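**Student:** Input: one structure, supplied below.
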C-alpha cells in the first residue's frame, strides 16, 4: 500500500475501501451535488449553441457538423470562433432527436450522468497516480492507494467550480473532452499490462488506441489533445522511472553513466514518445486543414490583457489570471458565469496591490516544483510531478501562451486541471496527518470541506436553473462587468419590465462606453417608448463604433422611418443589408418603408426577398397579401396567400388574410372554412369574429352574422367598424321584419 494511504487511516474508515463501494459512493455524492440542475432552463450560451443552432435539426445534413463550429457557423466564416467540437454537437443533436425537441431536462440529465461517470473513472485514475501502475500475473491492475484515490475522487466530484460544466448544457464539451481524456490515459496505462521489467514490454495497439481517443477528446473540446503530453510525462516518470534532476545533473557534468540509462539503451520510451508526438502532430494538422488558417476574431472586451501594447502588462495580467484560476480551485465561493467586460481591471503598474496574488502563486508553484524535482523520496517526486502535470498541462490551451483566447477567466476550463488540484490537496492532507497528532481535527476538516462544497454545488446549481437567477448572482461577484448588467437588462426586457431593463442597459453602457449591443437594445426600448431622439443618438453611436453592426443599422432605419426621415431610413436599411446580405427582417422593414412611400412594387419585392430568405416570415407574407388586396389585385393576393399557407399551414394570421381575400372574391364557402379554422386557433381575436360576421352579412346569412358581430363586440366593445356594421345589420333585420309584417 502507498505511504500516502497509510497516512489517511484516520480520515477514511477501512469499511468503504473496496473499489466497488468507493465508486458507488463517488457516483452517489456527485449525483446529489448536481441533481438539482436537472429541470433547469436553457441559459446563457445554451441559446446560441443549442436552441438557435440549426445543426441540431434533422433538415441539416450530418456532414455539415464537420464543417461548422460549435455555434453552427461555417468555419470559413470571418465571424466563426473556430471552436471545432463536432462530436459534442452530435450529442446535442441526438438529445434533440430522442427527446422530440428542445426539452432541457434530457440535456441536463446527460450532463449530470457524464459528470458522475467521470467522477467514478477518477477513482481508477487517482489509484494509478497515487499508487503507481502494477499488475498481477493475471493482468489485473492493483489498487495500491484505495484511500487516497477515494478521497481525491470525492474532492473532484463535489468541487463547485464544476457547476458551470454540469448545470450549463454547453459545458458538455468540457465533460466529453474530460471523459475521453481519461479514457485515453487509462488506455495508455493498459498498454503496459504485460510489463514487469521497467517498461521493456508494451502494447503498440493500446498506445495507438490512446492516441485515437485523444483525437476524439479534441473533437469534443480543444483541451483533449493535451492528454498526449500528460501521457508522455506519466510514461517518463512512472513507466520508465526517470529522475529528471539526476539526468540534468549528469548532462551538466558530462557523466559517462548517462549512456547506461535504460530508456536510451532499449529505446522503448523514445519510441513511445515518437508515437505520441507524431500522433499529436497529425491530429493538429488535420484539424488545421479543416478549420483553415485564420484565427478567431476576438475583441478587446473579451480578453483585454491580450490587446495591451506593453509586453510587461500582458505578462503581469496573464499571471494574475492564473492566480485567479488557482483561487477558484482553493476557494470556489465567488463564481460567475462571465468574467469579461471590465470584471477584472487590468494591472498596469507594479504598485497595484494585486501583484501579491502573483507572488503567492509563484511562491507556491516554485516550492512544489522544487520538491517535485529535488526530493529524495521518489514516491513524493512522482506524486507532486503528476499532480502539477495534471494541473498545468490541460490548462495550457487556455493560458494565452500559444494563442489569444476569447475570455479572461472561465470556470469551465479548469474542469480537468482540478484533477491535479484534488491530487495535491489529498497528498497534502496525508502529509499533515503524518506530522500532527490532531488526526481527528484533520478528519473533521476533510469532512467539513466535502460538506461545504456539496452545499455550494447545490446552491450554485439552483442559480443556474434560469437566467434571472444566474445573471443576478453575478452582480455581487462582478459588479464592474458590463455584460452582467446587459444580461440582467435583456432578461428584464424579455419579461416586459422595460423600466428596469433601461436602468441596467444604461449601467452597462456607463461601464463600457463602447458596448454596442447594450446601445442597440437600449435604443430599441426607447424606440418602443417613442423616445426617438435618444434612440437615434444611441444607435448612431453604435454604428459609428462598429460600422458593420447590421442590427443597429436596421434599428436606426426604423427610428428614422418613425421620424419620417424616409431617405435616411432607406439608406440605413441598405447599409444593414450590405453588411448582412441574408437579413429577412431588414427586407421586411424596408418593404414597410416603401409601402409608406406608396411604392407598392418596391414593397412587394422587399417582402418577397424576406420570404425567400425566411419562408416562415409571417409578417412579410401577410403584408404582401394585404397590399395586393388593397390595390385590387385579388387574384394575385389569393395566389400569394395560398403559397404562404402551403409553407406555414398552421398560421392563423395567414388564414385570416386569405379568408378576407376569398370573401371579396365571393368564394364564400372556402372563406368561411378558413375563418373558422383561424378562430379555432386564436379564439380571442375580435377581428377574426368581426370579419367572419362581415362575410356572413355579405353572404346573406344574417343570423350567423349577428352572432359573430356580438362575439366580436364582446371581445372588443370599442371596435368602430364592427359597431357600425352591426348597426347596419340590425337596421337591415328590422327592415326585413317590417316588410314581412
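Placement of Cβ uses the backbone N, Cα and C atoms for every residue, glycine included.
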**Student:** Of 413-433, 476-496, 497-517, which range does TrEMBL call transmembrane segment?
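**Tutor:** The listed stretch tagged transmembrane segment in TrEMBL is 413-433.
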**Student:** Transmembrane segment per TrEMBL: which of the ranges 49-69, 70-90, 91-111, 112-132 is that?
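**Tutor:** Of 49-69, 70-90, 91-111, 112-132, TrEMBL gives transmembrane segment for 112-132.
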**Student:** Tell me whether the transmembrane segment (413-433) sits in contact with the transmembrane segment (112-132), defined here as at least 3 Cβ pairs under 8 Å among residues 6 or more apart in sequence.
**Tutor:** yes
**Student:** Would you kindly list the residues that approach the transmembrane segment (20-38) from elsewhere in its chain, counting only those six or more residues past its ends and only Cβ-Cβ distances under 8 Å?
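**Tutor:** Non-local partners: 105, 108-109, 111-112, 115-116, 119-120, 122-123, 146, 149-150, 153-154, 157-158, 162-163, 166-167, 450, 453-454, 457-458, 461-462, 464-465.
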**Student:** Residue list, the transmembrane segment (112-132) vs rest of chain: Cβ under 8 Å, 6 or more residues beyond ends.
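**Tutor:** Same-chain residues near the transmembrane segment (112-132) but 6 or more away: 1-2, 4-5, 19, 22-23, 26-27, 29-31, 34-35, 37-38, 141-146, 148-150, 152-153, 156-157, 162, 165-166, 172, 175-176, 178-179, 182-183, 185-186, 189, 238, 382-383, 386-387, 390, 419, 422-423, 426-427.
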**Student:** Tell me, please, if the transmembrane segment (225-248) and the transmembrane segment (386-407) are in contact, taking contact as 3+ Cβ pairs under 8 Å between residues separated by 6 or more positions?
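**Tutor:** These two segments touch.
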**Student:** Can you find at least 3 Cβ pairs under 8 Å between the transmembrane segment (269-288) and the transmembrane segment (355-374), where each pair is 6 or more residues apart in sequence?
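**Tutor:** The answer is no, given that the two segments have fewer than 3 Cβ pairs within the 8 Å cut-off.
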**Student:** Using a Cβ-Cβ cut-off of under 8 Å, list the residues of the same chain that are 6+ residues beyond the ends of the transmembrane segment (440-456) and lie near it.
**Tutor:** 10-11, 29, 32-33, 151, 154-155, 158-160, 332-333, 429, 432-433
